[in-house]
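Colleague: Shown below is the structure under consideration.
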């Protein structure tokens, strides 16, 4: 029994040792596998981070900046074609002996057609997309430049300028939208600003070209014709650019939208952005904000300021001249009214029964809104004047007396709100001069408009920094 017990005990000890050994092996294996997994996870994480950093540093910005550059060429053409005409008109007027009317038509034809085709541009953007519309605008810009460059008569000038207006209308509706829809969130503000930068850059280059070719009789041909160079560059560049992913998603072309977004972003990880595009936002508030910003942009006086700067660089001299003219006009106005008051015709005839009978001169009579002055016109002088009560519902005649009819006889004249005097012309001339010369009044009007714009922007416009277009749409 003793041997048996010892044998069983030995067996149990051996089993225990085997179990412990197996447990130790399992623990070691588990620890090894855990370390392996941790290493693999760390390695995969490092690889993903490296890949992400490479994509962020090399993929997106370079291509998007290039895309924005080619799109913003439309803005450059906008600025160039609207600015170059000012210098070209000096040569065109001499070459074609243009009247003021034809000068106005040639200059304004571009703006008129730009207005019309901006409306058409919205339709083309919805139906054919941003890329096709931009290609059409580039082609139109090129045709317009060619027509103007080879123009032989006034009709060709008007046609060429009208064609440029078509291109401007299409480009102004397409370029900002295309850039905004393709730009990543963190770059959208800077990229959309490129279009505005190119517009002013186009105006600057237009001034340079005007100065460079103004010494040649046919210099206007180069001024207009050179606009075809950037439009050809834009056309060729856009042949290789993708369509807007958001327009493609709108047209249910998800595969093409994914491919375009991958190309623009420089990464295949675009599913979240692609999914976020699929919704129908409310646009009423966005339309109100957009229209409001456009209104205040145009009515804030920038064109007036640019015009003053273009005519005269010395602002001090401009202000001095404006103040001097204003001073002269106010003197004429004040002297005219004072002389008219001093030489107001006397009331010499008493007619009827009313409170108007108490006044002794025309000046006192017309200050009462219920009275009017009735007189005879004799050799441009007022004689036999009377102060009569006027009809409340019809100020063109008096209640009673000689001027109680609109068909006055015996050279009778009914003056309800003025006094006949030989100095009346001074008041009229002073008022006209004041309106013409008092530019500061115009600028105070712009101050009021801009103040309203500040309130409008603060109350209505939400902050869009760092938000995707889909998140911006949700804000509205």
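Glycine too: its Cβ is placed from the backbone N, Cα and C atoms.
As annotated in TrEMBL:
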- 67-476: domain 'Major facilitator superfamily (MFS) profile' (DOMAIN)
- 27-52: region 'Disordered' (REGION)
- 62-80: transmembrane segment (TRANSMEM)
- 100-120: transmembrane segment (TRANSMEM)
- 132-152: transmembrane segment (TRANSMEM)
- 158-179: transmembrane segment (TRANSMEM)
- 191-216: transmembrane segment (TRANSMEM)
- 222-241: transmembrane segment (TRANSMEM)
- 324-342: transmembrane segment (TRANSMEM)
- 431-461: transmembrane segment (TRANSMEM)
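Thinking about packing and proximity, how do these listed features fit into the structure?
Modeller: Counting residues 6+ beyond its ends, the transmembrane segment (62-80) has Cβ neighbours under 8 Å at 134, 137-138, 141, 167-168, 171-172, 174-175, 178-179, 182-184, 187, 191, 194-206, 227, 230-231, 233-234, 237-238, 241, 263-264, 266 in the same chain.
The list of residues near the transmembrane segment (191-216) in space but at least 6 beyond its ends in sequence, with Cβ under 8 angstroms from a Cβ of it, reads 64-65, 68-69, 71-84, 86-88, 90-91, 175-176, 179-180, 183, 222-223, 226.
A Cβ distance under 8 Å defines the sequence-distant neighbours of the transmembrane segment (222-241), meaning residues of its chain 6+ beyond its ends; these are 67, 70-71, 73-74, 76-77, 80-81, 84, 87-88, 131, 134-135, 138-139, 141-142, 144-146, 148-151, 160, 164, 167, 206, 209-210, 213, 216.
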Colleague: Take every residue in the domain 'Major facilitator superfamily (MFS) profile' (67-476), average their pLDDT values, and give the whole-number result.
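Modeller: Mean pLDDT across the domain 'Major facilitator superfamily (MFS) profile' (67-476) comes out at 82.
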